[in-house]
Ligand SMILES: [Zn+2]
């Protein structure tokens with residue numbers, strides 16, 4: 001990986017005959033698809049009867065596509081266990097917090113902590129890795145599919161037993177659990193770990209520490225399952241391993257990607273939520289800092305299911321999305337899905353081609369992405385993502401706290417994305433980092449909406465300020481989110497700390513006026529901290545700096561379809577049109593992209 005920019009699609013050859021597969025191969029070549037992802041739902045095809053596993057269908061396909069210039073990411077098929085796994089074995093099924101047992105017929109209906117499931121999952125992963133792992137066309141692995149997208153915490157008998165074991169390892173004594181959970185106020189203390197329930201329906205308020213601990217238990221267990229699968233694959237294959245996650249799922253992405261080789265995510269944000277799209281790119285780039293991330297799934301036009309349909313992208317937006325992703329460090333931009341399904345709950349979903357092999361809605365936009373990819377590829381492959389000077393902390397634990405705790409009615413994702421937008425609209429290049437991330441190289445740090453800021457993260461932030469950084473914390477951070485003063489003078493509290501500063505924000509920017517205020521505060525402290533990686537741009541357009549040989553390039557993308565304006569601080573050179581660009585105001589068209597560098601540092605070798 002890393003020698004090309006990938007443009008791909010999810011492909012389900014197990015649903016089609018060989019005539020259709022040959023047609024797909026031809027159409028993919030014409031469209032410019034150079035990577036396919038296969039296999040995540042194919043367990044029943046691979047192992048129709050228990051123990052009868054045959055991976056040759058996929059081996060032949062991987063080879064055939066490779067000979068035609070198309071590489072493969074292969075998946076472990078564990079989100080859809082075959083019927084023989086659960087029929088007659090209700091104890092293997094997932095049980096939700098209301099006590100409802102899932103049934104076969106969809107996805108994620110099995111308990112991923114079930115011992116028998118784990119054994120069969122390891123066996124199928126091993127067979128795939130042995131059979132496909134050294135094929136030249138196989139360039140990566142995806143584990144499972146969208147962990148915990150459709151379900152959250154399982155409460156089956158297996159999980160209950162593992163929960164008690166987990167609690168014992170974490171707290172050692174039941175006294176320390178009672179103490180830490182502050183049990184006694186309205187609840188009798190537990191006398192043993194076996195008495196601690198799984199979160200179920202309760203008559204009144206649920207215990208927040210119990211809910212938070214159970215979420216953490218569940219997030220650790222699913223990451224352990226990923227580790228287990230990765231370990232099996234690594235015995236037989238050198239291809240790097242990922243998982244397609246999202247900030248919407250019930251996982252701790254920081255922990256999940258810890259032992260994986262590269263980070264990838266799925267996104268179906270519409271143009272109104274371009275900020276949500278961009279924050280994903282900034283999060284996933286920083287989950288594996290020295291590696292490119294992947295957009296494993298996005299729609300060529302619109303997402304849909306039998307439940308409803310999202311608004312299709314306006315023409316041109318797909319190209320803007322893809323240009324932004326590649327410039328922000330994505331190695332791949334992949335669609336879900338290549339060929340529309342003939343049946344099933346996702347039959348209405350946007351695809352590159354229709355079930356009968358004709359261009360679907362958005363096909364012209366996919367061709368536009370391919371032309372852009374070809375133009376940007378040499379420039380992006382000879383440059384790298386820059387570390388930002390500004391970091392914003394995103395936390396899946398904070399998200400869990402918001403979902404379970406006193407802020408239940410507040411939406412963490414919405415709040416953090418809104419905060420992010422104010423950094424974005426200042427034209428500032430930013431990293432979105434995890435609570436455990438290193439703060440080396442940053443000048444300005446934001447930690448909003450972290451009610452349970454971990455002590456080690458707080459300590460790192462204090463040291464960051466002590467050494468001269470500006471740490472802006474809040475609202476709702478560190479104090480369980482209690483104090484929101486009414487007095488206007490106390491909404492922003494600044495104190496010197498070592499060589500730097502700690503600034504506390506005590507207002508939630510919800511009204512337009514409050515959002516403007518936050519935008520100004522960010523601007524003021526970015527100036528004070530000496531943030532250089534920023535560009536004066538009109539709203540709706542973004543500027544992405546990249547490090548090239550001996551100089552810097554800026555990729556500009558208009559995301560809102562209204563066109564925009566950049567106030568260029570240098571006399572520039574446009575690497576795409578190969579023209580000089582004057583210093584000062586320059587325009588960018590509707591969904592257009594440009595790559596600019598300063599005229600002085602322009603080296604003919606790059607163009
Ligand atoms: Zn379970």
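Every residue gets a Cβ built from N, Cα and C, even glycine.
The annotation active site, proton donor is assigned in TrEMBL to 146. There are 21 other Cβ atoms within 10 Å of the Cβ belonging to residue 146 (active site, proton donor). Residue 146 (active site, proton donor) falls outside any helix or strand according to DSSP and counts as coil.
Annotation comment: TrEMBL describes 297 as active site, nucleophile. Within 10 Å of the Cβ of residue 297 (active site, nucleophile) there are 23 other Cβ atoms, across all protein chains.
For residue 145 (substrate binding site), applying a Cβ distance below 8 Å and a minimum sequence separation of six or more within one chain yields 40, 41, 75, 79, 107, 244. According to TrEMBL, the feature substrate binding site maps to 107, 145.
Long-range Cβ contacts of residue 154 (Zn(2+) binding site) within its own chain (separation 6+, distance under 8 Å): 94, 95, 96, 111, 112, 113, 218. In the three-state DSSP scheme, residue 154 (Zn(2+) binding site) is classed as coil. Per TrEMBL, the feature Zn(2+) binding site maps to 111, 154, 156, 159.
Residues annotated as domain 'Glycoside hydrolase family 42 N-terminal' in TrEMBL: 11-372.
Annotation comment: TrEMBL describes 388-478 as domain 'Beta-galactosidase trimerisation'.
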Give the residue from the binding-site residues 111, 156, 159 that has the most other Cβ atoms within 10 Å of its Cβ, counting over every protein chain displayed.
111
Packing count at residue 107 (substrate binding site) (other Cβ atoms within 10 Å of its Cβ):
19
Distance-selected recorded positions near ligand 1 (C-beta under 6 Å), from 111, 145, 146:
111
What are the other residues, in sequence order, whose C-beta lies within 8 angstroms of the center of the C-beta atoms of 111, 154, 156, 159 at the Zn(2+) site?
94, 95, 112, 113, 114, 155, 157, 158, 160
Take the C-alpha atoms of residue 297 (active site, nucleophile) and residue 156 (Zn(2+) binding site) and report the distance between them in angstrom, rounded.
31
Reported in the order helix, strand, coil, what are the DSSP residue counts of the domain 'Beta-galactosidase trimerisation' (388-478)?
34 helix, 17 strand, 40 coil
In three-state terms from DSSP, label residue 159 (Zn(2+) binding site) for me.
helix
C-alpha of residue 159 (Zn(2+) binding site) to C-alpha of residue 146 (active site, proton donor): distance in Å?
20
Note the mean pLDDT of the domain 'Glycoside hydrolase family 42 N-terminal' (11-372), expressed as a whole number.
96
